[in-house]
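Chemist: Below is the structure I would like to discuss, written out as structure tokens.
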């Protein structure tokens, strides 16, 4: 059996690429797990639960900005480049159009944020923190992971992301010494992204030989238009995910937001591992969608194990990685413990099937409907039941969305 696996790896180029990419992304996600284990206990002790909540609030606001600047290109552009990656002229055209779209969207978001902070007094009180958090957006867009993913060069993503996390981690211990230093945390994050973005662009231009061109305004518009369905699918979930943090901060304060964010940290860390398979298989499935069943089985096993780990490890996570102030975060973790299975349904049959077969409109309709429901529920349950209500709302909507995505994906498969 082992010999057969070795032969498949040795002589099957697709299998070799998948395994190599999976290994590199496992290393990346291991780092995504380890680095927070290093910084989280230190930050929670130095800045406390209230400042932790303020940072979470600013990050939730920036989630909207990041989603807007990404515009769904992480999936649509990855798919398009994966199909023509041997044609560098075509790749350069797609890359340039996407990058200029992102630059324009980032500029618009900056001015909108400036206006909101000056027109809404509540946001104005967090003005410095919000703009410091915004500082990572340029580094984020100039580190185009989607292009490396399309080329299936995951080693570059791994190396550059490790560099970013290392810079950020070192700066945390050097620069944050007391609770008032919390405001510098997002700037340190931006510094890490900036370093990685610099080297990423060097690799793209000099190693991958992709050119950065100046496209026509019409081609930029058409590129934006082509990704609208995917953008809608990605922006609408923020109405109940990120919005729950914003509502929690507004009505329940920093402490409740800090507890919710602390508990959600474990969910996000676990979720990073499930995303490894999604990112590894996406460009492969874009070319070989008949192999989808392999991805389904592997992803299902990982999601079930993740559910068990979250439920059983909730108390240990809070005890060893947070402070006594966060003790109620264990409840949040247990509520989220079923979420890996729901995310498995959403990713496996949504982005990694419906998007690949060109059915973004179906996925868009599912997400818009679930997000509208989620927004109504989060407004009520978060205000009434604080972080418990926010947690239950997010998980419940993920469950509904996951089952609907599965249903329509299977329906599409049967219809050919």
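The backbone N, Cα and C atoms fix where each Cβ goes, and this holds for glycine too.
Because TrEMBL annotations are produced automatically, they should be read as predictions rather than curated entries.
Below, the features straight out of TrEMBL:
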- 21-40: transmembrane segment (TRANSMEM)
- 52-73: transmembrane segment (TRANSMEM)
- 103-123: transmembrane segment (TRANSMEM)
- 155-176: transmembrane segment (TRANSMEM)
- 182-205: transmembrane segment (TRANSMEM)
- 294-314: transmembrane segment (TRANSMEM)
- 326-350: transmembrane segment (TRANSMEM)
- 362-383: transmembrane segment (TRANSMEM)
- 389-410: transmembrane segment (TRANSMEM)
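A description of the local structural setting of each listed feature is requested, covering burial, neighbours and distances.
Modeler: Listed by sequence, the residues of this chain that lie at least six past the ends of the transmembrane segment (21-40) yet keep a Cβ under 8 A from its Cβ atoms are 152, 154-155, 157-158, 161-162, 165-166, 168-169, 172-173, 265, 269, 272-273, 275-277, 279-280, 321-322.
Tertiary proximity for the transmembrane segment (52-73) is limited to same-chain residues at least six positions away from its ends with a CB under 8 Å from its CB atoms, namely 43-44, 98, 101-102, 105-106, 109, 113, 123, 126, 129-130, 132-134, 136-137, 140-141, 146, 182, 185-186, 224, 227-235, 238, 241-243, 245-246, 249, 253-262.
If one looks beyond the transmembrane segment (155-176) by at least 6 residues along the same chain, the residues whose Cβ comes under 8 Å of a Cβ in the stretch are 20, 24-25, 27-28, 31-32, 35, 38-39, 42-43, 46-47, 143, 145, 148-149, 182, 184-185, 188-189, 191-193, 195-196, 199-200, 203.
Among residues of the same chain six or more beyond the transmembrane segment (182-205), those with a C-beta under 8 A of the stretch's C-beta atoms are 43, 47, 51-52, 54-55, 58-59, 95, 128-129, 132-133, 135-136, 138-140, 142-144, 147-148, 156, 160-161, 163-168, 171-172, 175-176, 211-212.
Beyond the ends of the transmembrane segment (389-410), by six or more residues, the same chain brings 240-241, 244-245, 247-248, 260, 263-264, 331-332, 335-336, 338-339, 341-346, 349-350, 353-354, 359, 362-363, 366-367, 369-371, 373-374, 377-378, 380-383 to within a C-beta distance below 8 angstroms of the stretch.
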Chemist: Looking only at residues six or more beyond either end of the transmembrane segment (362-383), which have a C-beta under 8 A from one in the stretch?
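Modeler: For the transmembrane segment (362-383), the list is 229-230, 232-233, 236-241, 243-244, 247-248, 251-252, 350-351, 354-355, 389-390, 392-394, 396-397, 400-401, 404-405, 408, 412.
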Chemist: What else in the chain is close to the transmembrane segment (103-123), if you only count residues 6 or more beyond its ends and a Cβ gap under 8 Å?
Modeler: 61, 65, 68-69, 71, 130-131, 134, 137-138, 141, 220, 250
